[in-house]
Every structure is written in structure tokens, then in C-alpha cells.
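Asker: If you scroll down you'll find the structure; I have some questions about it.
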Amino acid sequence: MATLLPPPKRQKSAYSQSLKSPAASEPAKVIPSIVVQFKSSEDGANLGPAINLPADTGRDALQMLVNKLRGEAEDPLPYSFHLVPKESTPSTSTAPQSARVQINNSILSDALEIKASTFSPEDVFELWCEPQAVFRVRSVGRCSATLSGHSSPILCCAHSPTGKYAATGSGDATCRVWDMETETPKWTLSGHKGWVLCVEWDSREKILATGGHDGQVRLWSPSTGQPYGAPLLGHTKWVTSLAFEPLHLVSSSSPSPRLATASKDGTVRIWNTSTRKLEFVLTGHAASVNVVRWGGEGVIYTGSSDRTVKVWSAVDGKLIRTLSEHAHWVNTMALSTDFVLRTGPFDHTGKVPKDDEEAKALALARYKDVTITHPECLITGSDDHTLFLWPDQASASISTTATPKKPVARMTGHQKQVNHVAFSPDGRWIASAGFDNAVKLWEGRTGKFVASLRGHVAAVYRVAWSADSRMLISASKDTTLKLWNLKTYKIRLDLPGHTDEVYCVDFVADKVVSGGRDRTVKM
């Protein structure tokens, strides 16, 4: 006799389960609409009528609206946005820093949700718009000159602050100065007994410093091509990096900025360039110091093969703190203020200061403009394939209780060693170059990954930004330079011409200078 089986249980559909799901019964989040009045930070004028927008409208969309209101949709400018509470000073230019609310993502996330007691959806939001680039650099289109002269590979290059000159250091033990306006050689600086590994200009364009494989540091006059006295001696191994004191920090009793020199011998020496005397030595690293940076708040940063970054007082050379997050050699460092510290009193207007006091005042004003919304911060890159974004170390050094040893972000993505890192002049972006053939783009405030720029077929050695932060160029072992489109993250222009590896590139004003193993300088 056949056995009767019970009927199979009916499976509940996903739809019927979702009806009973508690998550489905929760009401959807309602995004409020707000009224936004865009205002110009330059003169306080309204930019068109007030507009009704969703509160979660992102920064990119806000920039697009402002550019349309200003008739710049075809050639848009980047903007930063601030809200100022009604009870505060009505002008964003005079409102205290603590009263401003920076809009990095949207009004909803940066104001309504965080400061609900200050802002209400019923308010008319006066959104102050500040252009981040008030000028535009002409795009690079072709190689305009190929200059020969060096008899060995070109290892380093640097534009002067005004972009009038460029200096290149070579394995032939010379540094050459080139006139960028006439694209001709100006001076050949001879004196080193080994490779010239690094070159650096002071921000007044009055001193050019060179560091060599012979352990010597030499100071030169760019106007005459002659050395300022004998070389600065003291390092027992080759010089790896140079950094001048920012102009706005230079003592009134000293006519020239001090110079920090880092070496393979594990020390950093601080020199008085006026008296040519050693002021003090920074000791504490257990291996080669690969890079040194002099910050605008009076601190010196050093990165070493002992895997640490050290922060020092520029006044007396005392160690402030050690940052020990990296797991391998620290190869590269950059400050968010590098561009403004490097160019000092010179901006896109071409104004030349009358004297040292005016130059110092202009340099200080430019530095304050850059740091008024975001303090100076540091990015470090390492052989451990990572980068770390660090907060302002100088303000914390004033207080013994504040210890910002914790980084803002640990930035991963490179598959091999990180060669070079650079902040955009406006501080909004970070570009990094690695042995994995990639250039990576990151947010300058948060360290968040933005894009990977692929196109090089060999290691990328250097990156450089245009003065308006709109163009990025990279130099590679594959013999090419590449100009990148920062909207599509694709190659905007391929710049061939070098016949071997390109070791260095720099971008100031509307000129690019590059050099490499083929011993030629291209502009």
C-alpha cells in the first residue's frame, strides 16, 4: 500500500518576506529642500537670484551652478564654499574663522546635520563662493626647445619662484641655469666634485643652493653665476635634500633665509646663509635622511630610511615629536603650502616687491590666504607602498597636551614603492607617483582616493602641478611626460621627445622643464 506524503511546504517569496521586514516598514529619509543665495566673496554681491535646491546637493553641482551664474560654464573655475551663521559677521571676509562652516560635501552633511542648532532648513542659506584659481595657466602643447650642455644624466631640476629661470643638476658635477624666456643657457656653475643631486631656490630668487654627492653644499648668485664664498662643509656623506626657510619667517636681523640640508649621514644641518655659519645640527635619525621640508609655522620636517618622520623646532632644533607609522623607508614628503612657500611674494600678477620688507609682507599675506581655511598639513610616501596624511603639527607643538601623532588617513593603493608626492597649489589635491607605473590622485583634505591615472608603461619618477592646480604632469622611466585631464582622469597630452628615462620635471608659470638620462633639457 502506497504511503501518502505530506504536501511540500510553500516557500515564502522574497516579496512577502520584505513586506514583513521591519526595515521595509521604516519611512524613507526625506531630503529637505533649501533656498540658497550664492554670494561673491570678492565684493559680497549676489550671484543671481536665490535658488531652491535639495539640501544634499554636492560640491561639484554647486560649482557647476556658480559657473553658470557667472557665465563661465564653458571654462569653469573651481570654488570653495562657506556658510556664515546669521548672528555672525555678515561678510565672509571678516567673519571669524570659528564662525565659518566649510562646505566640503553638501549643506546637509556639513551644516544641517552637524550644526542643527545653528542652521535650519527654513533659513535662506547665504553661500559665499571663493574662486580657487583666479587665473589660468596656458596649456602645454609641445616641446618648444631642446637644450644640450650637460655631459651626464640630469638628476634634478627646479624653476625659480618667478619662472624666469630654471636650474638643472647633473652627474657631470655641474649645475646649469637656463633663461626660460629666451630658452637659452645662462650660467654653468662648476665647483662640485661629484654628482649634483639637488637644487633649490630661495623665494626671493637671490640664492641658488646645490647639494652634491661630495657632501658639499654650495650657494650661488643667479644674477652673476658666481658662488657666495666657499662651500658649506660638514656632511660626511652625500646631500639628499635642501629646504630654505620661508620668507615670512626670516628674522629682521638677517638679510637672507636660513638653509636646511639633509644627508645620507643621518643628520640635518641648519645654516645661516648670511654669515655662512652652522647654527645647529638635527640628530636623532638612525639612517639616511632622504627629504627635508621647512614649514610655514616654524617647524622642520625630516623623513628618513629609519622609517620615521621627525618634527623639529626651527628656533632651537629641539625634537617636537616622531611620527612612526611607516613600515619602510620614507622617500618623499610634501606640505600643502609648498607652492606658496616656494614662490614667496611672487604671484600671477607679476608684481615685483620694492624691498625686503614689502616682499616679506606679501609672502606672509599669501601664506595666510592659503591657510585661513585649512592649516598646513603634511603628506609622506614610503617604500611600504603607502602614504600618510598628517594634521598640522606646529599648532600642537605649542600645547603639551595636544599630540597629533595620529594621521588623518592611511592611503593605500600603490602596488609598489612610492617615489614622489605633491600637493596641488590650492591644497585640494594630492598626486603620488610610484614604481607600479601609476599616478594616483587623492583628496588633499581627507586623503580619500579619487582616481588612478594609467598610461605610463614603466615606473613614474616625478609629478608636478601647474600654478592654477588644473594641470598635472608626470615624468617616467618610459621616456615620456604625460599631461593629465583631471576631469576624465585620462591622458590629455602625451609629450614624447626624451630618448631615455626622464628623472625630473618641474612646472611653474606656463613653462615645463624636464631632464633625464639623455642629458638634454626640454621645455
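Every residue gets a Cβ built from N, Cα and C, even glycine.
Note that TrEMBL annotation is computational and uncurated.
Copying in the features that TrEMBL gives for the protein in this structure:
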| type | residues | note |
| --- | --- | --- |
| REGION | 1-27 | region 'Disordered' |
| DOMAIN | 34-82 | domain 'NLE' |
| REPEAT | 147-188 | repeat 'WD' |
| REPEAT | 189-230 | repeat 'WD' |
| REPEAT | 232-281 | repeat 'WD' |
| REPEAT | 282-322 | repeat 'WD' |
| REPEAT | 411-452 | repeat 'WD' |
| REPEAT | 453-488 | repeat 'WD' |
| REPEAT | 495-523 | repeat 'WD' |
Asker: Quickly jot the same-chain residues contacting the repeat 'WD' (453-488) by Cβ under 8 Å, restricted to those at least six beyond its ends, or write none.
Answerer: 78, 132-133, 135-137, 139-140, 339, 348, 416, 419-426, 428-429, 431-441, 494-510, 512, 514, 516
Asker: Which sequence positions outside the repeat 'WD' (282-322), separated from its termini by at least 6 residues, show Cβ-Cβ distances below 8 Å to it?
Answerer: 237, 240-246, 248-249, 258, 260-270, 328-335, 337-338, 340-341, 367, 371, 376, 378, 380, 382, 390, 392-395, 397, 403, 405
Asker: Determine which residues of the chain contact the repeat 'WD' (411-452) at the Cβ level, with the cut-off under 8 Å and only residues 6 or more beyond its ends counted.
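Answerer: For the repeat 'WD' (411-452), the list is 78, 104, 132-133, 328, 331-340, 370, 374, 377, 379-383, 385-389, 458-469, 472, 474, 476, 484, 486, 489.
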Asker: What same-chain residues lie close to the repeat 'WD' (495-523): Cβ under 8 Å, and 6 or more beyond its ends?
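Answerer: Beyond its ends, the repeat 'WD' (495-523) has Cβ neighbours at 137-138, 140, 142-163, 166, 168, 170, 176, 178, 180, 183, 343, 458, 461-467, 471, 473-483.
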